[in-house]
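Comments concern the structure below.
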Amino acid sequence: MARKGWNVVVSNHRGLGGVSITSDCLYNGGWTEDVREVINYLHRKYPKAPMFCVGTSIGANILVKYLGEEGESTPLAGAASICSPWDLVVCDRFISRKLVQRFYDKALAFGLKGYAKLHQPVLARLANWEGIKKSRSIREFDHHATCIVAKYETVDTYYRRCSSASFVGNVSVPLLCISALDDPLCTREAIPWDECRANKNIVLATTQNGGHLAFFQGLTAGKLWWVGAVSEFLCALHDSSYMHQQKFQENFENT
């Protein structure tokens, strides 16, 4: 998108990208306040610029949840969700079901513990540090860290409240959703097929293959198919005069 002349902003999850935690708040799979802050800041700074947002993996879940929470109030003109887990309860059950999935589960838990170690002074004070160090799955990490910091009663409570599938119906801007049916992490069982069909603003695209955020193209796997698809979608939205008229009318009515 930058090569096409677009202004691009990357928002890292809180505590990632080499940024220290400066408060008693960490990101989680349903924490929408940070992306909301970024979007509102950019909208205030560039009020006439159409804005689009792309979320991948857990970021896709956060993005769709944000869109559902905001409804017609979002300043975004369109968005794309790539390989969202959709339903965190279903994905949690799926990832512990088979050997291959359990391998991914342990690998991701290892990454979360690395994240925790970067912010040990905060987490050791707020959460169960000994439990975090012994965590061998995402669920165990969420039990000892996420639920305590975010004040969820149980892990399943956290998963249910933060699953973006529950917010799909209220998405009010054009949204492209891409999921691979062979995704080893975000199972096809979690895709909210009926909810997406019922919302005229959503295009749900599923592919037989693609894995998790892979979708490799060519013999050398030098390109990712989803990147091109998202680029085409966003450019089509940007070139749509009807979309701009509609968004301008909405903004005018709200002022």
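Glycine too: its Cβ is placed from the backbone N, Cα and C atoms.
Pulled from TrEMBL:
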type: DOMAIN; residues: 2-218; note: domain 'AB hydrolase-1'
type: ACT_SITE; residues: Ser57; note: active site, charge relay system
type: ACT_SITE; residues: Asp183; note: active site, charge relay system
type: ACT_SITE; residues: His212; note: active site, charge relay system
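The separation of Asp183 (active site, charge relay system) from His212 (active site, charge relay system), Cα to Cα, is 5 Å. The C-beta environment of Ser57 (active site, charge relay system), restricted to residues of the same chain at least 6 apart in sequence and closer than 8 Å, consists of Ile82, Cys83, Ser84, Pro85, Leu185, Cys186, His212, Leu213. The C-beta environment of Asp183 (active site, charge relay system), restricted to residues of the same chain at least 6 apart in sequence and closer than 8 Å, consists of Cys83, Gly210, Gly211, His212.
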